[in-house]
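Quick notes on the structure that follows.
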Amino acid sequence: MGERLRLAVGVMGNAASMLLYAAPMLTFSRVMKKKNIEGFTCVPYVLALFNCCLYTWYGLPIVSYKWENFPVITINGIGILLEVSFILIYFWFSSTKGKKEVAKMVVPIILICVATGIISTFVFHEHRRRKVFVGSIGLVASIAMYASPLVVVRQVIKTKSVEFMPFYLSLFSFLASGLWMAYGLLSHDLFLASPNLVGTPLCILQLILYFKYRKNPVNELEPQKWPDLEYNDDKLKQEFKLEEKKDQSMLVVTENLSTKT
C-alpha cells in the first residue's frame, strides 16, 4: 500500500511539474514571433536545467538503488528537453552580448554536471555515498531555483500589483513542490524532500500575495527600472509615446507664449 501511494504521488508530481516546465512556452512563442528576447532573462531556465540534470542523474540506477526513483527520472528528463529548447531559442534571438552571457552561465553548469557524474561514478562505490554526494549538489541547485522568484515577490510587495506574477505559474509551482515533498517523505529521502520544504512555503507566499493584491490597479512603472517584465512592455511603449507627444505639445505652447511676450 505504501509503495502504491508513493508511486501515485510521483505520477501526480510528474503531471504538476510538466505543467510548470511547459509554462514558459507562451513566453517563447512570443519571442519567436517577434524575433526579439525583449530583455527577458535566461537565468531561471539555466537554473532549472541545472536542477533537472542533477536530479535525472540522481534518479538513475547508478546513484539510486535500481529504479526506486523512476518518476524522478521521467519528469527531469522531460525538463531537460524543454529547458534546453528554451535556452536555444533565447540564444538564437539574443544579441552577441546576450549570447556571451548565456554561454558564461551554461558552460560552468555543464562542467559541474559532468564532474558530478564522473566523481559519483568512479570515486564513490556505494549507492548511499553516491546519493549523499549528488543529492547535496542537487539540494543547492534546487534551492537556487526556488529562490529565483523572490525577485518577483519583492516587486509585488513594492508595487502592490500582481501583474508580473502569473497565478497559474505560482499554482503549478505550489502543486509540484508540495507533491514532490510528499514523495520525498514517503520515500524517506531527504534529498528529494528538503528542497521542496523550502520551495513549498515560498509558493504559498506567492499565492497569498496574489490573492491579496489581485484586485489592485496596475501601477505605472518606469521602463529603465523594469526592463525584463514581459506583460507591461507594449503598454509601456504606448504610454511613453503619449507622454512624449504631450511633452512636445507643451514645448510648442511655451515657445509660442514666449514669442508673443
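Our numbering is plain: 1 for the first residue shown, then up by one each step along the chain.
Just so it is clear, glycine is given a Cβ too, placed from its N, Cα and C backbone atoms.
Per TrEMBL, the feature transmembrane segment maps to 6-28 (among others). Within the chain carrying the transmembrane segment (6-28), a Cβ under 8 angstroms from the stretch's Cβ atoms is held by residues 40, 45, 48, 70-72, 74-75, 78-79, 82-83, 85-86, 89-90, 166, 168-169, 172-173, 175-176, 179-180, 182-183, 186-187, 230, all 6 or more beyond its ends.
Positions annotated as transmembrane segment by TrEMBL: 40-58 (among others).
Per TrEMBL, transmembrane segment is recorded for 70-93 (among others).
Feature annotation from TrEMBL assigns transmembrane segment to 105-125 (among others). Residues of the same chain lying 6 or more positions beyond the ends of the transmembrane segment (105-125) and with a Cβ under 8 Å from any Cβ of it are 42-43, 46, 49-50, 53-54, 57, 62-63, 87, 133-134, 137.
Annotation source TrEMBL lists transmembrane segment at 131-153 (among others). Long-range neighbours of the transmembrane segment (131-153) within the same chain, counting only residues 6 or more positions beyond its ends whose Cβ lies under 8 Å from a Cβ of the stretch, are 43-44, 47-48, 50-51, 54-55, 57-58, 63-64, 112, 116, 119-120, 124, 164-165, 173, 177, 189-192, 194-196, 198-199, 202, 205-206, 209.
As annotated by TrEMBL, transmembrane segment applies to 165-186 (among others).
The list of residues near the transmembrane segment (192-211) in space but at least 6 beyond its ends in sequence, with Cβ under 8 angstroms from a Cβ of it, reads 69, 72, 135, 138-139, 142-143, 146-147, 149-150, 152-153, 156-157, 162, 165, 167, 170-171, 173-174, 177-178, 180-181, 183-185. Feature annotation from TrEMBL assigns transmembrane segment to 192-211 (among others).
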